[in-house]
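> Mind having a look at this structure? Questions to follow.
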């Protein structure tokens, strides 16, 4: 009786898992061994290892790394000062509110902001730097990406900081540590789980952004995501697209494995 | 100490200014009669009129809402069932495996979810359009609901269930009278989360939408690729106000239901 009752819940859930988690991944791996005519081949994997694709992957990782580091550099102090404000939950909500604005609209806003006569150029002119081409450069790509990812970085770090017992900071101060030493030796190491969770939440999607590269960077920046989209929806070479997706997934798994399960610790 | 606080405040203000500039910029120019996102000429509401009289756009908005509400509702039911399934699994290994599989769709980049769903629907012979978009939105919302409901379930004291059983409640009554009422705030929070994920999704939808069916994100993308048009600005202002309402609703429920779990999973 007891057992049968429990299994009832597992049936629909397991069906969902098999249909929408396991099956798509299996199909993706299967497709990666097919060429454009549906014949079995290893050519896709050979192609992925040619310099063109390796270079694209290296660039993709490099940009993702830049975006992650910049988000961390901006996001950590933000989270830190947020925990010091009086109505911190409200401020946090205000900071992550832009997360709910459709991503495409935020990217679209930058088309205007970074345009030749946009606000950014007006500002640059006002401070004497002079107007310059901002759209369709790698700078604008990184800037817009960081803008979009900051809330994802702030949130886990904020949670980690909140869980830090204030007595530890008092103890460090009582033992004579300066503000900076307290931060470096006590606060930062103890919020590392949040930092890891934040970096994961930024780095992995940053590898696969394609709408930002398409809209903001012209075609100057090609990320793994752009390549997958290109193969699936433009050139219709699904096998090649699937192969890049498999490579991206392996890379992701390695990253998650290397950084540990920061997500779990962060939400504890 | 006081001084550093002041600098902290300046820093925060700066970050907030950056976060809100693009949104404010969009809204401001939605009232520009000039037709560009620079050189504000005079105040006008014509872009709003254009949005509201654009039948195609209104149908797309309706599509998006229908997909979001339906997928969030189904995903919430499936997600609650999933959370209960994981909760009742006693073996730790099995539990961890289920949780790991649950999280696959949360950590996967959208492009991969989109591409693999496209393969799935093509191989399964499902025509790309409303059905495929709805199915994929349900699929990627389920794990979020599970993650929002499960912690609450684990928080529940098992003695409640024992007590209900001792008092003669059947398993159905335990579920409807004890477990579900206790979970209600987190179920609502999960529903709102699923709703926002669905409304916000672009990449997955872009892959599985095919011709003829479109959601707002996909439509904005294709319009934005053609350059600036202030009706998008007007639309975004309207959307922002609508989102604010949703967020307030979500905030109220999540304050009741505990922490904001699960946010920060995707973009």
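Heads up, the Cβ atoms here are built off N, Cα and C, so glycines get one too.
Where the annotation comes from TrEMBL, it is an automatic prediction and has not been curated.
Per TrEMBL, transmembrane segment is recorded for A:7-30, A:61-83, A:90-114, A:134-158, A:201-218, A:238-258. Positions annotated as domain 'ABC transmembrane type-1' by TrEMBL: A:57-259.
Show me how these features fit into the structure around them.
Beyond the ends of the transmembrane segment (A:90-114), by six or more residues, the same chain brings 78, 82, 120-121, 134-135, 140, 143-144, 147-148, 151-152, 154-155, 158, 211-212, 215-216 to within a C-beta distance below 8 angstroms of the stretch.
Distant neighbours of the transmembrane segment (A:238-258): 25, 28-29, 31-36, 41, 44-45, 47-48, 53, 57, 61, 200, 203-204, 207-208, 224-225, 227-232; these residues of the same chain sit at least 6 beyond its ends, with a Cβ under 8 Å from one of its Cβ atoms.
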> Looking at the transmembrane segment (A:61-83) and the transmembrane segment (A:7-30), are there 3+ C-beta pairs under 8 A, with each pair at least 6 apart in sequence?
no
> Would you mind listing the long-range same-chain contacts of the transmembrane segment (A:7-30), meaning Cβ under 8 Å and 6+ residues beyond its ends?
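Hits for the transmembrane segment (A:7-30): 242, 245-246, 249.
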